[in-house]
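What follows is a set of notes on a single structure, which appears directly below.
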Amino acid sequence: MSDAPEVTRGPVVTPVRVVIALCLFAPFVAMLWVGSYAKVDPAFIGIPFFYWYQMLWVLISTALTMVAYKLWQRDQRARKASDGGASQ
Amino acid sequence: MKDGVNGVALAVFIFFFLAVTVMGFLAARWRKAENEHSLDEWGLGGRSFGTWVTWFLLGGDLYTAYTFVAVPAAIYAAGAAGFFAVPYTILVYPLIFTFLPRLWSVSHKHGYVTTSDFVRGRFGSKGLSLAVALTGILATMPYIALQLVGIQAVLDVMGVGGGENTNWFIKDLPLLIAFGVLAAYTYSSGLRAPALIAFVKDTLIYIVIAVAIIYIPIKLGGFDDVFAKAGDAYAQINPATEKPRGALVPAEASQWTYATLALGSALALFMYPHSITATLSSRSRDVIRRNTTILPLYSLMLGLLALLGFMAIAAGVKVTNGQLAIPQLFENMFPDWFAGVAFAAIGIGALVPAAIMSIAAANLFTRNIYKDFIKPDATPKDETRVSKLVSLLVKVGALAFVLTMDKTVAINFQLLGGIWILQTFPALVGGLFTRWFHRWALLAGWAVGMVYGTVAAYGVASPTQKHFGGSSKEIPGIGEIGYIGLTAFVLNLVVTVVLTFVLKAVKAPEGIDETSPEDYTADAGDPGVQVELPPATAGASH
């Protein structure tokens, strides 16, 4: 594994990190707001909305976590580069 | 239930069982290290697992046989309410993305094997560490017992054992054999055995689900028919409660329950010792983050599996014990040989988590009770020996539990275990991000959460049970029905915060923190994080 050790230099809150936080937080809003999806219609191949919508969110949250992971990797690499390898 | 033994299914089942038994014993030689007499080797597989092994191991660990039986059983019994398992497993991964890599780093740096090791190192408090260890052991024991209940359900449907008319020894013999074999290879191979067997388990499960989700609806006339029949069944009024059996979509009143159950369970999952054991066995920090992006595949499978509950209703499966619904559905719908494959998937699905759970509980006992309180100068070799023995004892205990007590006792304890384990969240996850909390405040908050959770769960009645009838109750101050574990957790947090202010004001001793901020972000290859760890260094001051 050649990944950069995580370096905590520079400003803590950056636009990229805000995006990462939003990606990770979105599933909580979507899933805990049960009223938004507690309905039967529209059904998909006979499966009520309530069920296929939540399974769709498995895929959406996976995609969001993946985006967060990629952004985090880039963030760490950039920080390491800007440190000029002087850290540690 | 069909009469007699299903010979073909049983033969297939035994074939797979023998195959994984051989694998379990051979696993001891897999990626064998030079120093095999350390707890890192036996209890964490040498901390050497890469992305895919970790994925199989965690998947095999978290999605247990009991899950496979209980989630569709809950749908079968009451409909929508049982589906909370899906949002629950959706929320787990963004959550662990944030804190698990920090736990991995600090554990690698200091040689921590359990969460209690970390808590002791961070807060310098053996008392708090003991509380976390005891909670972990208490919560894990009934979980192991329930894995046995999963195997029993399968054996029952195949017509082996379980019947009321034979004497207890014949009745329980298959279960005793299965457990004896499990105990033997866990003892000899440690965490490597379940890691290897998890490959078989997950492959079988994925095949069975893929076939079931296509084949059964076709036989039943499509999902339209399945849900129409299920909807009719839920609308029937239950004479005992004078309420409908369930609903296809949660009514407004039960939405709080649904959401709090999902959130509370998600927060609790990675407090369980067995989840942490599987996590710490991974090779690098990045393996964990990468896994949060591929583990949701299991959630999708769980969602599909839950749909089987509706199919059981539509197929006219009638069982009084809901846990037999899915095995019975397989027996009714599949040809005998494939039913055997499905049963093997559930049976092996019980062995993997049972092995990991017993290892995790044994590690907790060895590190945080035996070494901290009984024999502080234990060598790594002593630790491994004690851990191996305790893993046996834990399993025998679970077996005794299942054989001597009513199954509902195990289920009640499992329900309590979930509430209890959530109370270790502030010490563990709080501790990973901040040292602000005071160790005594954490201990007090934990105690309050434990007591409230236990008392509240005791007071829940259901049509069939006077106590422990469910895990939800009115939330004080809000008035909605919510998950007791989450209410207890909030209470725990409030007590912890308030007491921390008080204790800081009176300057109560804070304890020594042996970790430093950069420990939480260290990765393999950094100075001080050897790929090959020195044997068990926790407890030694750094």
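Cβ atoms are placed via backbone N, Cα and C, with glycine included.
Copied over from TrEMBL:
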COMPBIAS  B:512-521  compositional bias 'Acidic residues'
REGION    B:512-542  region 'Disordered'
TRANSMEM  B:6-28  transmembrane segment
TRANSMEM  B:49-69  transmembrane segment
TRANSMEM  B:75-100  transmembrane segment
TRANSMEM  B:128-148  transmembrane segment
TRANSMEM  B:199-218  transmembrane segment
TRANSMEM  B:256-273  transmembrane segment
TRANSMEM  B:294-317  transmembrane segment
TRANSMEM  B:337-365  transmembrane segment
TRANSMEM  B:386-405  transmembrane segment
TRANSMEM  B:411-433  transmembrane segment
TRANSMEM  B:440-461  transmembrane segment
TRANSMEM  B:481-503  transmembrane segment
Sequence-remote partners of the transmembrane segment (B:75-100) [C-beta within less than 8 Å, at least six residues beyond its ends]:
67, 230, 234, 245-250, 254, 257-259, 261-263, 265-267, 269-270, 279, 288-289, 292-293, 295-296, 298-299, 302-303, 306-310, 312-313, 317, 322, 325-326, 429, 432-433
Please list the DSSP helix, strand and coil residue counts for the compositional bias 'Acidic residues' (B:512-521).
5 helix, 0 strand, 5 coil
Quickly jot the same-chain residues contacting the transmembrane segment (B:337-365) by Cβ under 8 Å, restricted to those at least six beyond its ends, or write none.
6, 8-13, 15-17, 20, 39, 42-43, 57, 60-66, 68-69, 113-114, 116, 133, 136-137, 140-141, 143-144, 147-148, 150-151, 153-155, 157-158, 178, 182, 185-186, 190-191, 193-194, 197-198, 200-201, 204-205, 207-208, 211-212, 272-274, 276-278, 327, 330-331, 386-392, 394-395, 398
Is the transmembrane segment (B:199-218) in contact with the transmembrane segment (B:294-317), using three or more Cβ pairs under 8 angstroms as the rule and ignoring pairs under 6 apart in sequence?
yes
Hey, which of B:49-69, B:128-148, B:386-405, B:411-433, B:481-503 has the most Cβ-Cβ pairs under 8 Å against the transmembrane segment (B:199-218)?
B:49-69
Mind checking which residues of the chain, 6+ beyond the ends of the transmembrane segment (B:411-433), have their Cβ under 8 Å from one of its Cβ atoms?
66, 99, 102-103, 106, 115, 118-119, 122-123, 128, 131-132, 135-136, 138-143, 145-146, 149, 264-265, 267-268, 271-272, 442, 445-446, 449-450, 453-454, 457, 465, 467-468, 470-471, 484-486, 488-489, 492-493, 496, 520
